[in-house]
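Everything on this sheet refers to the single structure shown next.
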Amino acid sequence: MFAFILRRLIQAVIVMIAVAFISFMLFQYVGDPVTFLLGQDATPQQIAELRSALGLDKPFFVQFWHFLVNAAQGEFGISLRQGAKVSSLIAERFPATFELAMVAALLALVVGVPMGVYAALRRGSFMSQMFMTLSLLGVSLPTFLIGILLILIFSVHLGWFPSFGRGTTMQLGFWSTGLLSAKGWHHIILPAITLAIFQLTLIMRLVRAEMLEVLRTDYIKFAKARGLSNRTIYFGHALKNTLVPVMTITGLQLGGLIAFAIITETVFQWPGMGLLFIQAVTFADIPVMAAYLCLIALIFVVINLVVDLLYFAVDPRLRVEKSGGH
Amino acid sequence: MKQPSLALVAIAVAAVLSAGVAQAKPFKWASQADVASWDIHAQNNGLHNAIHPYVYETLVTYNSKTFAVEPLLATSWKEVSPKQMRFALRQGVKFQDGSSFTADDAVFSITRAMAKTSNYGPFVQGIEKVVKVDDGTIDIFMVDPNPVLLRQMTELRMMSKAWSEKNKSTEPMDIKKADENFAHRNAMGTGPFILESWQPDVRMVLKKNPNWWGQMPGNVSSITYTPIKSAPTRMAALLSGEVDMILDPTPQDLNRLRASPDLKILEGLENRTIFFGMDQFRDELPGSSVKGKNPLKEQKVRQALYQSIDIQAITKTILRGLGKPTGTLVAPQVNGWTETVGQRLPYNQDAAKKLLVEAGYPDGFEVDFACPNNRYISDEAICQAVTAMWAKIGVKAKLRTLPMVTYFPMIQRNEASIYMLGWGVPTFDSLYSLQSLVRSVGKGGDGNYNVGRYSNERMDYLVDRVKTETDQPVRTRMLTEGLQLSNDTVSHLPLYDQVIPWAMKKNIDLVHRADNRIDIKLVTVR
């Protein structure tokens, strides 16, 4: 057990170093921010001085080593664009992204599961045909297009929802939340829908397929033979078993939601980590970009690690194999 | 049914009437980026210099319409000697914390701009030291006579000495250090607005300073600035009425905005000129088909490239009117410009072909051509169009386009044979352009963006003379001569002056400034 966890942890660290290395290597090609910092009237001497002061003229491996040593202490340096600590910038932005991702995930579950169940139970009916067609649209339309369409319809034409920003937020310790006011909810609806659409269709199709699978199994047939009501069979037995894989997928997708909120955040000027990253890219703000990529990798690594450990806890067969093949 | 009471009617009428009077109103605007710092000397960029004046004032300022230098925190100034300027400071000016603005603050602020960690070097260039004469007077001593000192000073804003000492912000924010200073997130000046809150990249709110010394012609009571990165979202924010104005609408949306009954577009010439530069230094161009010599050193070749560009077609179809063709390196608002130097050589492909034959390239040649793809309005599309135009005279330009973070360092390493550049002139004086663009590469700002390494003795002489020439008519004549010399030798291929559209609600009145800044004092919300 201990050896297994240790092995997984070592693997996780190796993955993190690899990600850090690759992301840091990419930045060698994004250019340098010196021109932005100094403005068009800077003299060549000033530019050279600033580059060397920022360490941009040092060899790649020296820069990477400094980055690793600092990163290991949770210190990612100072944002070149904003002049603030990267760690505090990310801490400021994380709540916005996290709330958006959670609301989107919730939305995807609350809408996606019933739609999937309906599509499975009433296979061939007009409504389920509609759901299936809509779900195709949902997976094939790019996120930014969905976002812009929603803005066009609900902000510009109908004027129901604001087109950008997070509205007013409240501060709960280090956490800033927009979910405690009506205004905050008003602002989160459109971006959350935009981010949720892909997950929603995924969950719906998954639930439908799983449900159809389960309905074919023997224990459902026996349940029917015992004369249980359809309601008990579908929701008491079939749905429960359907939801196990759905939960696993949703959990794994949460990391994806946080990571891929970039586009949604840009379209809605949602002040989360994705927007921070995109603006860092246009400015070649290397410390912010590196920190963001490492953080996202960390989220994925942690989620995968937790899932592995959970399987390990749940499935006794794994334990037997790992302990030397008795 | 009961008749509406008289009192109710009276209230309603009063409400309607008072709506007609210019009341103090909030003003919400948006553009693409955010200021990176409120430390007034941290970063020298356009948006900073546009927003910081809401809170921090300078000694002198530009008139928003004529760009003549006008008094602000200094009431008058006079030359004590060619190297010494004396400024009388305005009396009774209070900082927003209630303390008085004095000569100590002025000396402190200008000296702070001269610190090593400051990025305002270009605006204190030539200043030797600043000395307090008495509480209401300061002297600025210059290394050499400096005829553009006043224009430089329009960007040197005043902060409180006591406030920065108390908050440990006497040095400009140093981005190399891992800590921010107090002045980075807080602001305290003498200006008409007080910074109330600022969440970087999210929202900035400023409210009117009730104790401001001046009179405001406009009626803005508070300002909310929101950076909105995505262009369609910015547009939607304006269309849905969430903001009153956007600074940077996209060209392709302009017609739609114009068609809207609630909106209007204000267009004006920016003091930024877009042109192509050419490597006139190397003996052989990398990546060119011509070996052993550099065709761009040949004036006839440069002129051929010039005359084969159909600039009317570009400004009309690609820029949709957002560019005014020009024949020189500066825009009309800039000192030194004349109608004559602004004339373009005629577009003539036959003449261009003939010039190429005379220069010894009857079949044309291949050349490297670099452009940014996210810096100027439609930059990439323009370069593609020009590539096609050059192909017609046999010049095969191998176009590569880069995002600006890689583009600018690349051209500064002199790697591009032909490159696109836009040059704005914050001093409204041609010296700024001539010194950077065509003066031979030398010390300080000399030729700092002369990436093609053009060199001309007469030009160097003119630029160096103009730096210290204080006789205005003589100076202006020499500036015009410099521009004309650049035209005559085809040092660059001038293209157009950028036209900047601002989009706003119909009820907003303001003045379009050539430096793309909103003079908040002149904004009226009806």
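Placed from the backbone N, Cα and C atoms, the Cβ positions cover glycine too.
Copied over from TrEMBL, here are the features:
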| type | residues | note |
| --- | --- | --- |
| DOMAIN | A:94-311 | domain 'ABC transmembrane type-1' |
| TRANSMEM | A:12-30 | transmembrane segment |
| TRANSMEM | A:100-121 | transmembrane segment |
| TRANSMEM | A:133-160 | transmembrane segment |
| TRANSMEM | A:185-207 | transmembrane segment |
| TRANSMEM | A:243-270 | transmembrane segment |
| TRANSMEM | A:290-314 | transmembrane segment |
Long-range environment of the transmembrane segment (A:12-30) - Cβ separation under 8 angstroms, sequence gap at least 6: 60, 63-64, 67-68, 71, 281, 284, 286, 289-290, 293-294, 297-298, 301-302, 305
Long-range Cβ neighbours of the transmembrane segment (A:133-160) (under 8 Å; 6 or more residues past either end): 190-191, 193-195, 197-198, 200-202, 204-205, 260, 263-264, 266-268
Range from A:185-207, A:243-270, A:290-314 with most C-beta pairs under 8 A to the transmembrane segment (A:100-121): A:185-207
Same-chain residues at least 6 beyond the ends of the transmembrane segment (A:185-207) whose Cβ lies under 8 Å from its Cβ atoms: 99-101, 103-105, 107-109, 111-113, 115-117, 119-120, 131, 134-136, 138-139, 141, 143, 146-147, 150-151, 154-155, 161-163, 165-167, 178-179, 242-243, 245-246, 249-250, 253, 257, 260-261, 264-265, 267-268, 270
